[in-house]
Amino acid sequence: MNFYQQAASILDRLSQQKGTIKGLTLGDNKIKDKKKMYAIVCETLKYKEAINNIMDASKLLTIEKKLPRSMALVLVHDLLFTKRGIQSSDGPLKQAVMRHKARLKAELVKYKIKVGAKSDEDLVSQKVKDAVLIPRYVRVNAHKTNVEKAILAFIKEGYTYEDPCTDLSSLPKKTVRRDRHLNDLLVLPTNSDLHDHPMYLSGELILQDKASCFPAHVCNPPRGAHIIDACAAPGNKTSHLSALVGNTGRIFAFDLDMRRLDLLKRLTTKAGCKNITPIHGSFLEVDPHDPAYAEVEYLLLDPSCSGSGIISRLDHLVDDGNLAEFQIAVIKHAMKFPKAKKVVYSTCSIHPQENEHVVTTILSSTSEFVLGPRSETIPTWERRGLIKECNDDADIADCVVRTSPTEDYTNGFFVACFMRKDETAPKEDDSVLKRKAESNEASPKKSKKKKKNKKKANKQPPTITNEANGE
Ligand SMILES: C[S@@+](CC[C@H](N)C(=O)[O-])C[C@H]1O[C@@H](n2cnc3c(N)ncnc32)[C@H](O)[C@@H]1O
């Protein structure tokens with residue numbers, strides 16, 4: 001397979017959700033020049049929307065019937081958006097594109113006028129442009145240091161400490177500040193590269209997006225707790241949980257992907273975690289009545305999702321799939337653990353199908369769990385669920401958290417916290433939510449749904465993974 005065929009095949013596998021960009025390019029030993037392959041795949045995805053429009057307007061694929069769209073995407077990318085153009089034009093597919101060179105270039109000019117683009121860069125997907133605006137969030141790892149010491153270390157290096165601010169759009173260079181919502185998080189300017197920083201190399205600092213730090217805080221387990229992290233790798237939330245319980249209790253960290261679980265072992269060891277038991281396998285196949293998990297009260301579920309909220313990576317530019325069935329199955333399985341009292345669900349997706357819809361489906365299928373109140377779910381965070389997507393129920397929406405990649409200076413994210421009814425009872429006896437869950441139980445329509453979901457839950461787990469947070 002030549003270079004362009006390999007690139008086209010990667011685009012196809014990405015759209016079938018058979019892996020991540022990094023996994024399919026940098027992780028494939030059959031690819032000779034991995035960096036070059038990574039670059040062409042990323043660049044093509046950045047301009048994908050523009051290239052598709054230009055190809056459709058030029059009728060390229062209608063005329064050249066043997067040219068697959070993915071192959072055309074990479075070839076047209078090189079033709080229109082690189083100085084070198086298509087590298088060597090032998091081979092029938094390359095020639096097929098070259099025959100339309102003049103028309104494609106003319107359509108590019110027309111497209112730019114149509115969308116008001118002054119340069120090629122203006123055609124880059126909005127999500128990619130937004131990525132440059134996200135500050136550098138740094139979680140301070142309590143196993144190794146504390147926030148005060150970390151700030152002092154930055155000051156010694158010439159950073160200025162500033163008060164938390166609301167305007168995160170343009171943080172001055174070499175400044176460090178505490179986060180306004182999370183007490184173990186620091187905020188540095190966009191593009192601060194800390195990958196070679198001594199505090200990162202020693203495991204004192206974890207490079208983790210703000211929103212992905214929400215789930216462990218919502219879980220908020222006490223010292224000594226037994227916890228399951230059901231879809232754990234590469235393990236940033238696992239090491240966060242470990243830090244919150246001060247290396248006490250036990251954390252069972254499951255992951256289906258051995259390679260990613262190995263990464264979890266490396267990262268959590270580097271972070272100084274001593275209470276984690278990594279387990280290779282599907283969480284859906286774990287027996288909730290296994291005595292090993294008899295004391296598990298807290299479960300953190302961060303299952304594979306479309307990754308549509310991640311703007312610092314390009315995987316979101318691939319067409320999204322529907323992973324809701326799998327996500328629902330994971331939550332239902334977690335609720336079967338006999339002592340489970342808190343089940344925290346999160347995604348790095350902005351799609352209601354993977355977020356609010358999953359929550360309402362679960363609420364209508366359980367008589368034992370309700371949504372934890374806002375006070376359990378980062379109460380100071382203003383952006384809550386989308387009311388319309390919660391069956392117009394403002395109470396449900398208020399209990400869950402959303403982050404918006406374009407407005408909150410974080411990746412797009414979603415968190416919900418289910419609690420066993422007895423756990424919310426003292427504070428929440430009159431909670432509207434509780435009453436709602438009870439009325440759901442009584443609804444015959446809902447019990448039908450219950451059966452349907454049970455069927456769905458038996459389906460194969462999806463193979464897609466995304467590498468959110470594994471920075
Ligand atoms: C979004 S990632 C988790 C990120 C992780 N929580 C973190 O913060 O570093 C989802 C993970 O779920 C894993 N996964 C998918 N299906 C699974 C299953 N049935 N059981 C356990 N893990 C699964 C994937 O391999 C992937 O590593």
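Each Cβ is built from the backbone N, Cα and C atoms, and glycine gets one as well.
Listed features, source TrEMBL:
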- 126-421: domain 'SAM-dependent MTase RsmB/NOP-type' (DOMAIN)
- Cys231, Ala232, Ala233, Pro234, Gly235, Asn236, Lys237, Asp255, Asp302: S-adenosyl-L-methionine binding site (BINDING)
- Cys348: active site, nucleophile (ACT_SITE)
- 425-471: region 'Disordered' (REGION)
- 425-439: compositional bias 'Basic and acidic residues' (COMPBIAS)
- 445-458: compositional bias 'Basic residues' (COMPBIAS)
- 460-471: compositional bias 'Polar residues' (COMPBIAS)
C-beta crowding around Cys231 (S-adenosyl-L-methionine binding site), within 10 angstroms: 25
In sequence order, the binding-site residues (Cys231, Ala233, Gly235, Asp302) whose C-alpha falls within 10 A of Cys348 (active site, nucleophile): Asp302
Cβ packing number for Asp302 (S-adenosyl-L-methionine binding site), 10 Å threshold: 25
Number of Cβ atoms other than its own within 10 Å, given for Lys237 (S-adenosyl-L-methionine binding site): 27
Per-region confidence, the domain 'SAM-dependent MTase RsmB/NOP-type' (126-421) (mean pLDDT, whole number): 93
Largest CA-to-CA spread of S-adenosyl-L-methionine binders Cys231, Ala232, Ala233, Pro234, Gly235, Asn236, Lys237, Asp255, Asp302, angstrom: 13
Conformational class of Asp302 (S-adenosyl-L-methionine binding site) under the three-state DSSP mapping: coil
Assigned conformation of Lys237 (S-adenosyl-L-methionine binding site) - DSSP reduced to three states: helix
